[in-house]
Amino acid sequence: MKVLIVDDEVVIREAIKDVICWEEYGYEVIEPAGSAEDAILKMERYAPEIMITDIKMGGKSGLDLAKYVKEMNLLMEMIVLTGYDDFEFVQEALRKGVGDYLLKNSNPDEILAAVHEAKERLLEKRKERDRKKMEDIRGIEESIQQLIISSDALSLNETALQLIPQSHHSVYKVVIIKQSITGDQLKEMEKIWNKYLFGLWVSIQDQTIIVVHQNSQTNSDYLLKMASKKVCQQLRSTLLIGEAVHKLEQLSISYRSAQSLILYQWILTDLDVINPNDVQHRAGIKSSNFIKEKEEELVGLITRGQAEDLEMWLNTFMQYLLRHPHATPDSIHFVIQSLYITKIRFMNRAAQSIGKPEWDVITLPDTNQWLSDINVLLSYFERLRREYQNVMNEHSNFIHVALHVMEENLNESLTLSDIANKVHVHPNYLSESLKKKTGKPYVELMKEMRMKKAQELLLSLPAPVRQIASQVGYTDWKYFASQFKKYTGMTPTQYREKEKEDV
């Protein structure tokens, strides 16, 4: 703690300086002053916290110093040195805010005790100042918060009203920084900002709000751009600027406008500052064949893919959505939510087909969480993939069900997709599983099943070949006959006659 000694008598000021080993008690005595004028210069340069001054000096007196300290609202404790006949001066000094007085013949212990007491008083003043400052800050924050939420300009406390400029040419904007800035950092950022234009900074919950004042008659948009750029460089954070309003009670409009831009920081990643003009042309992502294709791909990944395949697919798809020229947070949310619900429904149909309970629909987290971190979204889709494959692996007889469906419907033109829908798996997954089980691709397997069924019918029924062809799914009996000959080496009629001869 710095101590300044002021006396026009060099012997006295040097004696007070040298008679006590100030450093041992945690004090730093700066070069003493020989006059009140010199003391003021040293106060401006060194900012001492405690001053010991003679009450009577040539030129300005200790009383003048006390008046100066009070007028400048300096946080300082003063001790005046006085003689026996200076009591009236002492009373006046105390009225001017001087904390204590000492007789000029006081011994070192008395001087040191007075300085210790001054230090304690100063520490208490600091606490009170900080408490009052925090109350003012809280009052400003609460009134600003009330204003931007309820549009109630009357809620602004007197301090806030004094801080925010108001004129016929005033333009106000609310700027949101999704980062809580407090203490010295907030002061520093406010200082940088206010080099360009006025901004009242307040920290509200997990974000920092700047109430910006501009003059409609000046080129203040350029100043806003420069201030934003400087702050962005310091904070490495995106600034979201709301639309301009002309009255304090309209600040809530600007605030809501800025809030609507929050999720765009994950879409417009090349911008440090986002304002309504940057997004007004975006109409949202419309449903397209591409997105429908992606839905089919996702079904395949859920039913047969690995975790790394799903991660790669989701990263690629999210990049497509985020870079779409008309992407909006709501439209991205709608696409992802639709994908998620579609997959849940698909899985529930699969569960029903094998007698398993349906999956609980777990709501996706807040959009901001998975737009800022794709791993959050990935965890939800990966859970679907893992749970679906676990259930289907436990109940792997869907292959037998598929084969049974094929055998029972040979007279119909069933495609692989038709059968996959009946057993609630992806067509590609069914194709791979059938080939793994039988060693044959679907088309070849279906043809073999039809030919075997045709052989059976030719021997058990006296029906004409045309009817046999229809019962095994061929509408063109001549084509059926050609396929049958390729399979058996004989026409249907030859096969029937040969079997009769063998019998």
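Glycine is no exception: its Cβ is also placed from the backbone N, Cα and C atoms.
Under the heading domain 'Response regulatory', TrEMBL lists 2-119. Taken from TrEMBL, the feature 4-aspartylphosphate applies to ASP54. Feature annotation from TrEMBL assigns domain 'HTH araC/xylS-type' to 400-498.
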Model confidence for the domain 'Response regulatory' (2-119), as mean pLDDT, reads 86
Counted with DSSP (H/G/I as helix, E/B as strand, rest coil), the domain 'Response regulatory' (2-119) has 56 helix, 23 strand, 39 coil
The domain 'HTH araC/xylS-type' (400-498) resolves under DSSP into 74 helix, 0 strand, 25 coil
